[in-house]
Amino acid sequence: MTAATPPTTARSNPPVEQLESYFGPQDLVRRSATLDQPAPERELTKVAKLIDVTRCIGCKACQSACIEWNDTHPEMEDFAGSYMNPHDLTPEMFTLMRFTEWENPETNQLEWLIRKDGCMHCEDPGCLKACPAPGAIVQYSNGIVDFIHENCIGCGYCVSGCPFDIPRVSKVTNVAYKCTLCSDRVAVGQGPACAKACPTECISFGTKDDMKAQAEERIAELKSRGFENAGLYDPDGVGGTHVMYVLHHADKPEVYAGLPAEPRISPVVETWKGVTKYLGLAAIGAMAVGTTLHGLMGRANKVSHEDEEKAEDLVETEEGTKR
Amino acid sequence: MKKRVYSQSGDRIETVDPVSVRRYGPWTRGNHWLTAGCLVLLLVSGLSFFHPSLYFLSGLFGGGQTARMLHPWIGVVLFLSFLVLFLRMVRLNLPTREDGVWLSQPGKVLAAKEEELPEMGKYNGAQKIVFWAMTGLIIVLIISGIMMWEQYFDGLVTIPTRRIATITHSIAAVLIICVFIVHVYAAIWTRGTIRAMTRGTVTGGWAFKHHRKWLRELARLDRAGPAK
């Protein structure tokens, strides 16, 4: 079997012959709860998905494609005053169009902002940092952050670790789920299902460099049309992401259904996973060693024979006084 | 019958020659060992999530998934079990003036020169510290634990609060392990202590040396045990 070539677009049609995946466990750069993960021998070209929010028409073809490819079964929900459905990401819905009706204070115009939410595939993934189960979350050198479900223990630490509130733990399987960036499609040279399905070319896929270049062109175009603050969302706080947005209002990402302006792994999570572990283990170790040494070298606190005699005297005297 | 000040109902001098004193009845002992068993299981399963090098400990529970599922339930059992123990023991663990004097001279305590220290009731200052540290830490652990119990309470608090709950839970866990080590070691170092929680009795000499006020009160009270 020949190995697939890394995909540079989501547009191409699948090949007829069976291909071997072009990356695998040998390409891991990070593996959760693993202290000595060896550096991979080769470095793959970074891939990225570019979501041009300014082109989105809210058709949800991406959601449908995601459901179909991943064979998930999101529950049918009720209408709650918004086109957003389901009402949040779920273990069965890895991507979600978030609709915001925003009144632009500068123009007094109502703007309908639609952002496709889902895993951002951070270069510095908070979920992976927080995960206690070895190999349940991995990061490949092409930038994809993936959950390996058979290693997941369902503790929900990834939920605490994620700066974007993405992972969801299933009540049925007790395992965490999120967008995989269609790692299984990418592995055989195909782009993600959502990008393939998008009818307006709002979602593109390719190398990260290509996607950035494409974004630059689009941003220049948007600026020429009066969107002065158009820009790319590829936040530095998490080392950049492998899912990027073109935003018309890149100066205030929060208006897009709370997209964080400066996402980073919470300092609380960093402290918990950093100094707390070392100090904690050191404290426990010191206590254990200290007491053992005291036990071996020090003198035990023994009751003497006199104490026993004095006790008898005491008991007799006290009882005597009572009578 | 006189009012008990330094002893618990059930504490009594069982035999006089040699002196043997009932310190814990079977219910208290069962209560204690249930709590202790839970603590050990929580410690083992909790440590497996605490550091990658200890993850193998989850194997003792049949894997990470089972350890993750059991840990909070064992915590609930421990909490309830400790609550009973707390109610049983709290009165004699209230701090007194003598505790301050006793605790202000740790040198003498560690050198086992108890004759130079104030006489103690059923519990000395250090035992009371262990009691209250356990109480405080267990409250912190159960509250923070529920906040991070993904299976049933995933939406209870916001994610930023949950992060704080998680770090609080791990720090409290480290502290309770340290208190646990102190508690176990003190029981080993002070010879003759462990039988109080196994057989339920201690020798008169032990009571005289470590808890004289308690022994004095028991001697004054009616003896319920066999005659001399």
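Note: Cβ is positioned from N, Cα and C throughout, glycine not excepted.
Because TrEMBL annotations are produced automatically, they should be read as predictions rather than curated entries.
Cβ atoms under 8 Å from those of the compositional bias 'Polar residues' (A:1-12) belong to residues 18-23, 44-45, 47, 142, 185-192, 195-196, 203-207, 210 of the same chain, restricted to positions at least 6 beyond its ends. Marked as compositional bias 'Polar residues' by TrEMBL: A:1-12.
Residues or ranges marked as region 'Disordered' in TrEMBL: A:1-22 (among others).
Per TrEMBL, domain '4Fe-4S ferredoxin-type' is recorded for A:47-77 (among others). Note on the domain '4Fe-4S ferredoxin-type' (A:47-77): residues 6-7, 83, 85-87, 90-97, 99, 112-116, 121, 142-144, 179-182, 185-186, 192-208, 211-212, 214-215, 218, 222, 227, 230, 241-248, 256 of its chain, located 6 or more positions outside it, place their CB under 8 angstroms from a CB of the stretch.
Sequence annotations record features per position, and here TrEMBL assigns [4Fe-4S] cluster 1 binding site to A:Cys56, A:Cys59, A:Cys62, A:Cys198. The Cβ of A:Cys56 ([4Fe-4S] cluster 1 binding site) lies under 8 Å from the Cβ of A:Met97, A:Ile114, A:Arg115, A:Lys116, A:Thr200, A:Cys202, each of which sits 6+ residues away along the same chain.
TrEMBL lists A:Cys66, A:Cys179, A:Cys182, A:Cys194 with the feature [4Fe-4S] cluster 2 binding site. According to DSSP, A:Cys66 ([4Fe-4S] cluster 2 binding site) sits within a helical segment.
In the predicted structure, the domain '4Fe-4S ferredoxin-type' (A:110-142) carries a mean pLDDT of 98. Look at TrEMBL and you will find A:110-142 (among others) tagged as domain '4Fe-4S ferredoxin-type'.
Taking the Cβ of A:Cys162 ([4Fe-4S] cluster 3 binding site) as reference, residues of its chain lying under 8 Å away and at least six apart in sequence are, in sequence order, A:Pro125, A:Gly126, A:Cys127, A:Ala130. The [4Fe-4S] cluster 3 binding site annotation in TrEMBL covers A:Cys119, A:Cys122, A:Cys127, A:Cys162.
Taken residue by residue with DSSP, A:Cys155 ([4Fe-4S] cluster 4 binding site) is part of neither helix nor strand, so it is coil. Marked as [4Fe-4S] cluster 4 binding site by TrEMBL: A:Cys131, A:Cys152, A:Cys155, A:Cys158.
Long-range contacts of the domain '4Fe-4S ferredoxin-type' (A:143-172) within the same chain, counting only residues at least 6 positions beyond its ends with a Cβ under 8 Å from a Cβ of the stretch, are 46-48, 89-92, 117-123, 125-137, 178-181, 183, 186, 208, 237-238, 242, 260, 263-266, 269. Summarising the annotation, TrEMBL assigns domain '4Fe-4S ferredoxin-type' to A:143-172 (among others).
For A:301-323 (among others), the entry in TrEMBL reads region 'Disordered'. Cβ atoms under 8 Å from those of the region 'Disordered' (A:301-323) belong to no residue of the same chain, restricted to positions at least 6 beyond its ends.
For A:309-323, the entry in TrEMBL reads compositional bias 'Acidic residues'.
Taking the centre of the Cβ atoms of A:Cys131, A:Cys152, A:Cys155, A:Cys158 as the [4Fe-4S] cluster 4 site, the nearby residues of that chain (Cβ within 8 Å, site residues left out) are A:Ser32, A:Cys127, A:Ala130, A:Pro132, A:Ala133, A:Ala136, A:Ile137, A:Phe147, A:Ile153, A:Gly154, A:Gly156, A:Tyr157, A:Pro167, A:Ala176. Applying DSSP to the domain '4Fe-4S ferredoxin-type' (A:110-142) sorts its residues as follows: 5 helix, 13 strand, 15 coil. Put simply, A:Cys179 ([4Fe-4S] cluster 2 binding site) is 18 Å from A:Cys155 ([4Fe-4S] cluster 4 binding site) when counted between their Cα atoms.
Sorting the region 'Disordered' (A:301-323) by DSSP state (H, G, I as helix; E, B as strand; all else coil) yields 18 helix, 1 strand, 4 coil.
Here the candidates are the binding-site residues A:Cys66, A:Cys131, A:Cys152, A:Cys179, A:Cys182, and by Cα distance the one nearest A:Cys198 ([4Fe-4S] cluster 1 binding site) turns out to be A:Cys66.
When the region 'Disordered' (A:1-22) is classified with DSSP, helix, strand and coil residues number 0 helix, 2 strand, 20 coil.
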